[in-house]
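Visitor: Mind having a look at this structure? Questions to follow.
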Amino acid sequence: MADNCIRLLHSASVFFCLGLLISSFNLLQGIAAENLSKQKLTSWILQNEIVKEVNENPNAGWKASFNDRFANATVAEFKRLLGVKPTPKTEFLGVPIVSHDISLKLPKEFDARTAWSQCTSIGRILDQGHCGSCWAFGAVESLSDRFCIKYNMNVSLSVNDLLACCGFLCGQGCNGGYPIAAWRYFKHHGVVTEECDPYFDNTGCSHPGCEPAYPTPKCARKCVSGNQLWRESKHYGVSAYKVRSHPDDIMAEVYKNGPVEVAFTVYEDFAHYKSGVYKHITGTNIGGHAVKLIGWGTSDDGEDYWLLANQWNRSWGDDGYFKIRRGTNECGIEHGVVAGLPSDRNVVKGITTSDDLLVSSF
């Protein structure tokens, strides 16, 4: 593998070589996970036991409840929703780590939904269906919010476009991906609007269907409406970066620029979160998940928390949202913060070529 990669690099096939390395990494990770937890993956999620243990724990700080979505789910089915793959170090090559001025005075509580109330996208709760597309949702939703905050334009960008068209550069689509790669993709390739390439069809089923699990959709590079051109619908990022893993830097980033994407480790008990400030109480480590962080505060019990929007529908959690302990790197949430700034090249104008010709020349 190493010799082949060296030869490929000398022939300028950098992206193909990187794809081989990432594919090999993911294959080894997948085999290890299957061998270590095959019995666990086929077992049922223990709703009764987990809900009881959390709610009877006086120090839990949060409440659990039965969730119909996971009523008859195996651990493997739950794991399909958790699409953050272990990110190869190569993905962070050249990615800056952003910190902020420590003299910036931050409020004790902050909610992006009220701070930028004109931006309706911030308060949207979506549903990723049975696809491990959380890495794409967290990125696309945060970038949509940032376009509104910076340019005063309400725009919903397409999760489906990123999921289908980023390919091996972002990971494996519905089988998981790398959050930072999504932000790098925005910078170099852009993403179309949801109107151009929707994630949900008109029956309410998740694209491409309502199966228990479904494959990554194909990249069409064509808007569903004949009145739009795919290239003209593109919106771009101007940067992609990691935020320094300190609560003050994360708060400053959200306060100045808007919601960010965060990745964290999910345990079985998280599936049953209902209210309060989450911290891991019981259950096995299931996988990595990505969501949108929109604010922070302190509970009545004095527990500092982050406020986040999940994409498991409003029937999950606290109307689709959850709070998690802040300042202790709970479940690794403060070590996986990525973001980027929107570009004023958000719409490419003056393109008169048909999408059919654009696809053939891409």
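The backbone N, Cα and C atoms fix where each Cβ goes, glycine too.
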Visitor: Where Swiss-Prot annotates a disulfide for Cys223, which of Cys166, Cys170, Cys174, Cys196 is the other cysteine?
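Guide: Disulfide pairing in Swiss-Prot: Cys223 with Cys196.
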Visitor: If you look at what Swiss-Prot says, which of Cys166, Cys170, Cys174 makes a disulfide link with Cys131?
Guide: Cys174
Visitor: Rank the recorded positions Asn72, Asn154, Asn310 by the number of other Cβ atoms within 10 Å of each Cβ, and give the residue at the low end.
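Guide: Relative to the other recorded positions in Asn72, Asn154, Asn310, Asn72 has the fewest Cβ atoms within 10 Å.
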Visitor: Determine the minimum-neighbour residue: among Cys131, Cys134, Cys148, Cys166, Cys170, listed as recorded positions, which Cβ has the fewest other Cβ atoms within 10 angstroms?
Guide: Cys148
Visitor: Since the record lists Cys119, Cys165, Cys196, Cys219, Cys223 as disulfide-bonded residues, which of them has the fewest other Cβ atoms within 10 Å of its Cβ?
Guide: Cys219
Visitor: Could you say whether, by DSSP, Cys148 (disulfide bond) belongs to a helix, a strand or a coil region?
Guide: helix
Visitor: Can you check what DSSP calls Cys134 (active site), collapsed to helix, strand or coil?
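Guide: It is helical.
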